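As given in TrEMBL:
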type     : residues : note
COILED   : 402-433  : coiled coil
DOMAIN   : 497-715  : domain 'Histidine kinase'
REPEAT   : 120-153  : repeat 'TPR'
REPEAT   : 200-233  : repeat 'TPR'
REPEAT   : 240-273  : repeat 'TPR'
REPEAT   : 280-313  : repeat 'TPR'
SIGNAL   : 1-21     : signal peptide
TRANSMEM : 441-460  : transmembrane segment
Amino acid sequence: MRFSLKSILLLLLLFPESLFATSFLNDLRDQVEVTPDSAKTELFLKLSKQYRNINLDSAVYFAQKALESSKIHGNKQDIVRSNLELARNYSKSGDFFRSKQSIDNALHIATQNHDSTGIGKTLYQLGSYYSSTNQYDSSVYYFNKSIKWSEKIGDKFTKAINYNGLGIISWEKGDLERALNNYLNAYDIADELNDSNLKMTLLSNIGNIYADEKQSEKALSSYLQVLEMAKKENRIDFTATIYNNIAILYQNDKKYEKALSYFQKTLDIKRKLGDNQGIALAYNNIGENYFSQGNIDKSVNFLNQALAINRNLNLKTEIIYNLETLSQIYLKTGNYSKAHNYLIESIDLSKKLNLKGKYRDLLKQLSEYYYKSDNYKKAYTTFNQFNSLKDSLQNISRSDRIAQLQTEFETTKKEKENEILRVKNQLTQEKLNKEKTLKNYVFIFFLIALTFLVLIFILFRSKVKTNQQINKVNGMLEESNQQLEITNATKDKFFSIIAHDLKTPFNAILGFSELIKDEIISTKDLGMIEEYNNSVNEAAHSLFTLLENLLEWAKSQRGSIEFSPTQFDLYEVVQSNITLFKLKATDKSIQLDSDLEPKTMAYGDVNMVNTIVRNLINNALKFTNTNGEIHISTAIEDDFIILSVQDNGIGISKENQEKLFRLDCNYTTTGTNDETGSGLGLILCKEFAEKNGGDIWVESKLSKGSKFIITLKTA
């Protein structure tokens, strides 16, 4: 049975106004021509919400029109809202890449504009995005982050829907105890806000937990409570949802005729609302009901109608469930060819959407198909895949704990209602008793109280302003102290380089040049002169490298290096540096090679990356013994390229590894041929790696060699 509870409940919670009759859509569209340009953004957003369950292409179109309108009028908050509306439409259509882009745009603008409400809602939308793509850890992170932000600005509603989102994730993962805890947290807030819409959603979700625990009577009780509230509030959208949930309960209890009648009630409401997605779900559930009763022809007819609507709406997740049910029917009736085709299409879609639970179930069905088709080898292989995935997704039910929490919730709720009623009665009685004696003093008391409150408000406001100014000054002082410490460290490093590292190569150049002069005058020994000349040349190269790094570092400290990220071929950068250092490697008989393939495309500032690669190869040559090896390699991990420069040189102790990338630790050592260095190159590498959104670290053992690793974004 296809339980589309998660998506329906989120939509009802956030956009109850989006499920109106089609005539309302026509009224909205007619208003476009007569509405002033300054008010069109709001109208376009309403149209987008209306079309979301009817025609996704139209929903996307109107969200884009809202974004264009808000940009023309420069309304930053409307730009954020329009981007979030676009994100929801893209997510529903399965275009998660564009959905994430729109969310990122909204977060950037909200942050830039200090839009606290926009930031909180955007963080919630990020949580919903990661939930839709089954990236539950990321989803939980952003829901919790949105909760903290909502608490900071006092946005209780957003805090509540985040708890609801956390509950849905726990429910999806089978952690029903945690799901209930989150729903109860949300319900407390909804009760405080007296938000009937939110309370209906959460009671329905709690009913779903009972349904999953096969406690049909308790689930039905929760659903009927919501149904009564929905009818009182005239919320036919909620009524349809609860009819569907009740039908599913009866379906699971094999009461097929009762289930069919409630599915039909759901379909009637969805048709009235013009909710195409809801119509498709109702068709699907009716089709599965007929399948359970053995009426294959009617079952296939309704399921094909559902599949056609979902294909038209491009609802990939719903398509998977339609295909799965049809494949089961054809497998049962012996039409193995159609069963196989539908199974393969649904497996491909679930794998592409990373729906691991559904992918696992479909693998089991595919194994059964192969078994019935006498293809035992494929049946065995597929079943092993199913078992492996099943073990990793196993969840443990906690029915007893959930029942206990539910009892506590009901008890607390009842006690709170009784306490409120008792207090109300007491206050009413006291008011009646005192009204006769205090009537003449009410006005005087009111004036005194008002004066007192005004004074308190003035004092409080003054205190708040004073505290804000103190906090601001303290923050500025702390920031100045931190900047001063960084500046002092930078200054110390700079003078250390000038006092020591620049002095050393200059002394070498001066000393060897004097020796060359003396040798020419005295012995004219060309071999000795050549040796001295090579030493001068090596010192000059060392000095040039030091000055080049020093200039790059100085520019970086001043912020005068322009960060210009582009797509570039990392292979070309590495090869150009290998060519640059080939002669130096040959002089030390070191094998310098790379396994990079052409068109290894990365994204970043190519000049900064070139500086990083140049410094890492230069360091490797410096600390690798004669006849040693240096190997450059890459690997792809997630959205990053892992670039490694590995040598079999002298290595670095654990203690010194911690000093390599720190500005406040002046760590330097000589190379295998007494080459000198400042330690500045690795500090520069770290700054440039982080500016390009990556990182750098070292893995090394003394006498075993070193491996410097950097991460770069893929193009």
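Numbers run from 1 along the shown chain.
Any Cβ shown, glycine's included, is placed from N, Cα and C.
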How do the residues of the repeat 'TPR' (280-313) split into helix, strand and coil according to DSSP?
32 helix, 0 strand, 2 coil
Taken over the repeat 'TPR' (200-233), the model's mean pLDDT:
89
What is the number of residues in the repeat 'TPR' (200-233) that are helix, strand and coil, as DSSP sees it?
30 helix, 0 strand, 4 coil
Mind checking which residues reach the repeat 'TPR' (280-313)? Cβ under 8 Å, same chain, six or more beyond either end.
1-2, 4, 8, 55-56, 93, 244, 247-248, 251, 254, 256, 259-260, 263-264, 266-267, 270, 319, 321-323, 325-326, 328-329, 333
Going along the chain, which residues at least six beyond the ends of the repeat 'TPR' (120-153) come within the CB cut-off of under 8 Å?
10, 80, 84, 87-88, 91, 96, 99-100, 103, 106-107, 110, 159, 161-163, 165-166, 168-169, 172-173, 353-356
